Amino acid sequence: MKEKNPWHTPATIIITVIGVIAIVALVTVAVLQNRPVLQKYKYGIVLDAGSSHTALYIYEWPAEKDNNTGRVEQKYSCKVKGKGISSYANTPEKAGESLNECMQESVKQVPKERHHETPLYLGATAGMRLLNLENSLASDKVFQAVEKALQGFPFSFQGARILSGQEEGAFGWVTVNYLDDRLKQGLETTGALDLGGASTQISFVSDNYDISESPSNSVTFRLYGNDYNLYTHSFLCYGKDQALLMALAHQTKSGPKTIVDPCFHPGYLEQKQYSVLYDSPCVSARKPQNPTTTFSHTGAGNFTQCQDVVKKVFNFTSCQYSRCSFNDVFQPPLQGTYGAFSAYYFVMDFLNLTDASTPLETVKQKLASYCATPWNQIVQQHPTIKVKYLSEYCFSGTYIVTLLTEGYNFTSESYANINFIKEIKGSDAGWTLGYMLNLTNMIPAEAPDLPPLPHAGYVSVVTITALLLFVLVILSLFCFCPGFKKQPHIV
Ligand SMILES: O=P(O)(O)OP(=O)(O)OP(=O)(O)OC[C@H]1O[C@@H](n2cnc3c(O)ncnc32)[C@H](O)[C@@H]1O
Ligand SMILES: [Ca+2]
């Protein structure tokens, strides 16, 4: 006699098969219905026409989610060869031509079917601000040439313009906090420090400060349901190239034939032209009366003396507000952490000083020893680095430390809150992303309604519930239907 398995009745087999089919069907429908839609992307292009060079960035985001949950990421970047567009004041057509190579590459990078709907923006910063101050006709011509060149590409060109200093500072802050996911999550924000060639920006949220004390330094945002009261200031002429010109102008007031500059390495010697040095609105007013045509620029390599020279480019004597940074500019108390990018990063990275755990005192000691290193030794140690950059790292490092401590009032303690960064999660830190997010209304004022569960959680809950229901049905059949009870079958 063989006991037959009581589950092997036609009824249980049919119920089991139907049950399994039902569960598979239920889970499949739920997963398909709620699966993220096949990823199609949209694109936006921003040209950052800086004082020293132009860079192109292509951003990409999932097509279905452009106004709430989708992340915008940098897909591609291209460094335009040559100098910034403001350097083409005398040959404006060349400013337009200079953009062709990167633009042609963008045509390949963005899928063809998206070309016509991809917005293209050009924002110019301090180089064009200075050219506009000096010669507005020349700056208009440069813009005309650039616009003509950009209109020749298949994208949706949205115009070329000069950003105000407030915009440049505020959009840099938006970029850093967007990439760090601080805005969407309503987390404490991080400040943004941007050091360009011709201007520098500081932007941060400081609680309990009175906006009305200096309304021009205040920008208010409502992003993802949170209000932000941002302090921002852009110092024209305080980018590292113009600051160097100002420091040299201080040392050549009397029009000497030779200067011994503590911000350059011992043994450094270069003949420089007065006409080139004073060819900028940041210094032109200080031009000596009867200078020789050239002067010998020699180095002494002394950090402390270099700091004294650098301090002379700041004016600390007057402040009409409750507190100031420098040049009679209001600045509320520093607060929180800061991301320092562009030249802050390039310079501190070269000097191996980007580690946030390096104390300010150590930074100064390392700079002092770097500045004191003879020029021929520096050149030998770094054969691949552009000589112009190489010769200026001592000045630039000293300028950065002086700007942060004497200018913005960072102390040994608060200096530890500065992170020197180039990019965040693969996207470069800078104003361009924030500018595009703003112009495409990609950051909503109110928090988007998100589904209560993430997709994976939703699928798990549906699967587990279906399984539980199935087990429950089988158990109840087993308990309450007599035909399902275990019975010996006599064969
Ligand atoms: O914001 P503005 O003032 O318009 O200027 P920019 O946008 O052209 O300025 P960048 O941040 O691109 O660069 C800032 C400065 O850093 C310089 N720079 C770029 N790469 C560098 C490197 O690797 N080492 C040293 N300096 C560098 C560059 O020449 C500028 O003087
Ligand atoms: Ca810049």
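Cβ coordinates come from backbone N, Cα and C, glycine included.
TrEMBL entries are annotated by machine, without manual review.
Database features, via TrEMBL:
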TRANSMEM  12-32  transmembrane segment
ACT_SITE  E168  active site, proton acceptor
BINDING   G197, A198, S199, T200, Q201  ATP binding site
TRANSMEM  458-480  transmembrane segment
Quick tally, other C-beta within 10 angstroms, S199, T200, Q201; top of the binding-site residues is T200
Close to ligand 1, in the sense of Cβ under 6 Å, among E168, A198, T200, Q201 as recorded positions, are A198
DSSP output for Q201 (ATP binding site) maps to strand
Result for ligand 2 contact check over recorded positions E168, A198, S199, Q201 with Cβ cutoff under 6 A is none
Around the recorded ATP site (G197, A198, S199, T200, Q201), other residues with Cβ within 8 Å of the Cβ centre, ordered by sequence, are S51, T125, A126, D194, L195, G196, S234, F235, L236, Y238, G239, K240, Q242
When each of the recorded positions E168, G197 is scored by other CB atoms within 10 A, the minimum falls on G197
So A198 (ATP binding site), by the Cβ count within 10 Å over all chains shown, scores 28
Students should find that the Cα atoms of S199 (ATP binding site) and E168 (active site, proton acceptor) sit apart, in Å rounded to an integer, by 10
